[in-house]
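Chemist: Let me begin by handing over the structure; questions about it come next.
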């Protein structure tokens, strides 16, 4: 991607902190987070792939959620770690726009995969008799295609608007990654269109999945309240609890970062907020779904026992 409209050929990422004494502790902290993220998500992907009883719509979407978490964490974290150990964390203009595109692609895809998972839980609890027919492999594939199409569309909208801007000689980006808002601060030209696109596209990418999730869980809650047995209610709630936690963490931090005016959210606070959905959420998702899921625990025990026996 050429820097035709830019007066700079590279950016300097300021990183998370400018205090030298904090750099090494933070480096090892986020390195640990990244190792757990990679192991957790790749482990969940492998576990679902190897166990045939997990080849259901619910775990099909969980497989893709883990893939998305692994990818967008890998797009962000290694470059962030470099800011702790190098004097100047330089990224080329093309590299910055590429990082921006793939980060947005995966983060938008995550918002829609979470809504697809909510729809899956709605069908499983509210219409269990037609679950197999409704959530057929063809339907799941179409839902997944929609997830990635929306991710691509959102990433293209933001990135296309970004490459039209001219950036100033001051190429220090006050962030640990190439994100939309800190890059807009470095522009020498009007960012009105970009800001409009942020509110419209981010509003759609957060609003549509949020409405879908709320409607799904409102119907699920209504259905659960009609279950007479306490055991039945408890089982229904347990199948949704992991997803509710994941949704709350992801959408809460994302909305706090992007849907507030920059005057009310200083960039330092924005960096801390963005850590949740770029670093913490991808690490916690496999832990949440593993520790609170009996099927995953059983599959893990079987896989470990097979390995030990062999």
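Cβ coordinates come from backbone N, Cα and C, glycine included.
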Chemist: Between 167-195, 196-224, which stretch does TrEMBL give the note transmembrane segment?
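Modeler: It is 196-224 that TrEMBL describes as transmembrane segment.
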Chemist: Suppose you had to name the range TrEMBL annotates as transmembrane segment; which of 4-21, 274-291 would you pick?
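Modeler: When 4-21, 274-291 are checked in TrEMBL, transmembrane segment belongs to 274-291.
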Chemist: Give me the stretch from 26-47, 59-78, 90-119, 196-224 with the greatest number of Cβ pairs under 8 Å to the transmembrane segment (274-291).
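Modeler: Answer, by Cβ pair count: 26-47.
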Chemist: Do any residues, 6 or more residues outside the transmembrane segment (139-157), come within under 8 Å Cβ-to-Cβ of it, and if so which ones?
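Modeler: Long-range Cβ neighbours of the transmembrane segment (139-157): 57, 60-61, 64, 100-102, 104-106, 108-109, 112-113, 116, 119, 197, 201, 204-205.
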Chemist: What else in the chain is close to the transmembrane segment (26-47), if you only count residues 6 or more beyond its ends and a Cβ gap under 8 Å?
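Modeler: Hits for the transmembrane segment (26-47): 16-17, 54, 62-63, 66-67, 69-70, 73-74, 77-78, 80-81, 84-85, 279-280, 282-283, 285-287, 289-290, 296, 299-300, 303.
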